[in-house]
Structures are given as structure tokens and as C-alpha cells.
């Protein structure tokens with residue numbers, strides 16, 4: 001299948017069908033391809049531009065090959081009725097902004113507000129510090145078996161799902177990704193392949209061209225509610241420096257709109273005010289936010305946490321969700337959730 005796919009994508013610049021994409025990725029994850037073929041596939045897709053069908057087909061193959069995380073108190077009860085939302089804040093990364101790990105801080109705040117969070121993430125591929133790097137620097141043991149991750153989610157209310165542990169077949173892709181050192185379709189697939197089958201998400205993307213595309217992919221993959229976001233300054237989060245483009249998945253359709261910080265009583269700040277560093281620097285920034293320090297960094301986390309609370313159904317609007325997120329920080333609940341996470345994962 002990989003040879004046919006390469007001819008179609010690289011030679012003829014034709015799109016794959018959803019089924020062809022699924023079969024191609026299954027071959028990749030089955031170890032049936034070479035590093036050169038994987039590299040050609042990734043570059044060819046990047047040059048052609050990935051379609052929604054291709055993205056969905058790839059995601060379906062990765063989901064099928066993943067180690068499932070069985071959560072007893074999951075998003076659905078035995079009758080199939082929605083009970084507790086299960087949220088992920090995993091984004092695409094790859095925005096080259098140099099900011100601290102906003103989506104990881106957001107996950108802790110939202111967990112502090114009482115939402116169950118299955119934070120999917122990995123080590124850095126193209127940035128200084130990936131979500132796995134900063135979570136580890138915060139004291140969390142990320143190398144847990146799936147059963148312990150599920151238990152952590154049930155008992156603590158938040159778990160970090162370390163992608164290499166859940167997607168072991170991705171070992172076939174990593175050499176090509178490391179050598180390419182560029183954004184590829186796998187940046188898009190991380191947020192679409194949560195092993196706990198998260199029912200709601202906030203997904204930051206590195207270009208505005210992907211906002212609606214990723215929202216349509218999430219819709220096809222069965223997400224109940226999601227917000228896909230991209231800041232005007234290039235941030236793959238809701239930004240504090242100006243407008244943010246949003247595509248919201250809700251009630252079986254996608255709605256696009258734009259938001260700005262001042263709509264929610266927050267002041268704009270330059271992107272430089274969100275600058276981070278390595279894992280230790282970013283961990284210190286997150287601790288300061290959870291300690292209640294006022295800054296643009298706190299404000300950008302409030303914005304993103306508000307979006308996550310809306311996605312999880314805990315608030316109808318972001319305006320109503322901002323005070324909920326602020327209380328989770330100022331009451332110490334978010335900090336307490338991190339403490340419990342560190343304690344549980346190091347037992």
C-alpha cells in the first residue's frame with residue numbers, strides 16, 4: 001500500500017481516500033515500511049496539503065493500534081448516556097513561538113475545577129520543551145503502565161498519557177520525524193488519537209488554515225464538543241496578544257468565530273510576555289501561575305482554561321468560565337491537583 005500511496009501523493013499529487021489513508025498508516029505502524037518511505041510520505045503530504053479524509057483515516061489507524069486506556073468512570077455510563085466529560089488539551093505544537101507549556105498549565109487548572117482530564121502528550125520534537133518534559137520537571141512520573149494511568153485518572157481526576165507508552169507502534173515513525181525536524185501530519189494526529197477516547201477537547205493548531213480542517217476531522221471522529229483555536233500571532237493556543245480564530249464542534253456541526261481577550265475583561269499583552277524556556281524554566285512558570293501570581297501568563301491560561309470548561313460543558317460561555325478557572329487557581333485546587341498527581345504517580 002505504501003508504494004501506491006507514494007505514487008499517488010508524490011508523483012501525481014492526488015489525495016488519498018479515507019480508506020487508503022487508513023491502510024497506508026496501518027502499514028507504517030505495522031513496520032512494513034522503510035524510513036525513506038515514511039520520510040517521503042510525510043514530505044509529500046506536507047507539500048500537497050493533508051485533506052480531512054487523509055487526517056481522519058490516519059487517525060483511525062493510529063487509534064486502532066494504540067494501547068487502550070479503559071476508564072471505569074468514563075465519558076459514558078452503561079446506558080450510553082453522557083455523564084462526566086473527559087477532556088484533552090493536546091495541541092499540534094510546532095508554532096515555533098517559544099512560549100511556556102500553556103496547554104499543560106490549562107489541563108491542571110481545568111482538573112482543579114473538577115473536570116476529568118486525560119492529557120495526551122509527548123516530549124519535544126521541534127520545540128525546547130514538550131508537555132512530557134515539563135510534566136516530568138513538575139515531578140510527575142510519566143512512565144506508568146496503562147492500568148496505572150487509568151487508575152490515576154479515576155482517583156486523581158487527571159492523568160498524563162505519555163504518547164510513546166500508549167502508541168508503541170509509533171517507534172517506526174520516530175527516526176524519520178527526528179531527522180526531518182519539521183512539522184508533519186503527525187503534529188495533527190497527536191490531538192486526534194487520545195487513548196482514553198476523550199469526549200471533548202481544546203486543540204491549538206499552528207496555522208489558521210488548519211482550524212476548520214481539524215474541527216471537521218474531530219467531528220468525523222465522533223467528538224461531542226471541541227474548540228480548535230489559532231492565535232493571530234501564530235500561537236497554537238488562544239492568545240492574549242490579539243484575536244484568536246475558533247472553530248467549535250457542537251451539536252453535530254462546526255461553527256467558526258473570533259474572540260479577543262478584552263471580551264472577557266483581560267488586557268492584551270505581547271507574545272513576548274508568554275516566553276518560556278527549557279523544562280525547568282517552564283515548570284517554574286507553571287508553579288508560579290498555580291501559586292496565584294498575576295501576569296499575562298496567568299491570563300492566557302485563564303483564557304484557554306475557560307475554553308476547556310466550555311468544551312467540557314461546565315460553562316455555557318467563556319465569559320462565565322473565566323471566574324471558574326480563576327477560582328480553581330486562587331482556591332489552591334489546581335495546585336492541589338498537581339500535588340495529588342505527583343504523589344500518585346510516584347507511589
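The backbone N, Cα and C atoms fix where each Cβ goes, and this holds for glycine too.
So that you can see what the record holds, here are the features copied from Swiss-Prot:
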| type | residues | note |
| --- | --- | --- |
| BINDING | 91, 122 | anthranilate 1 binding site |
| BINDING | 91, 94-95, 99, 101-104, 119-127, 131 | 5-phospho-alpha-D-ribose 1-diphosphate binding site |
| BINDING | 103, 237 | Mg(2+) 1 binding site |
| BINDING | 177 | anthranilate 2 binding site |
| BINDING | 236, 237 | Mg(2+) 2 binding site |
Packing count at residue 123 (5-phospho-alpha-D-ribose 1-diphosphate binding site) (other Cβ atoms within 10 Å of its Cβ): 17
Fewest-neighbour residue among binding-site residues, criterion Cβ within 10 Å, set 236, 237: 236
Between residue 99 (5-phospho-alpha-D-ribose 1-diphosphate binding site) and residue 236 (Mg(2+) 2 binding site), the C-alpha gap once rounded to whole angstrom: 10
Least buried by Cβ count (within 10 Å) of the binding-site residues 120, 177: 177
Top Cα neighbour of residue 236 (Mg(2+) 2 binding site) in the set of binding-site residues 91, 120, 122, 123, 177: 91
From 91, 122, 177: binding-site residues whose CA lies within 10 A of residue 103 (5-phospho-alpha-D-ribose 1-diphosphate binding site): 91
Secondary structure at residue 99 (5-phospho-alpha-D-ribose 1-diphosphate binding site), reduced by DSSP to three states: strand
Binding-site residues near residue 120 (5-phospho-alpha-D-ribose 1-diphosphate binding site), in sequence order, restricted to 91, 177, 237 and a 10 Å Cα cut-off: 91
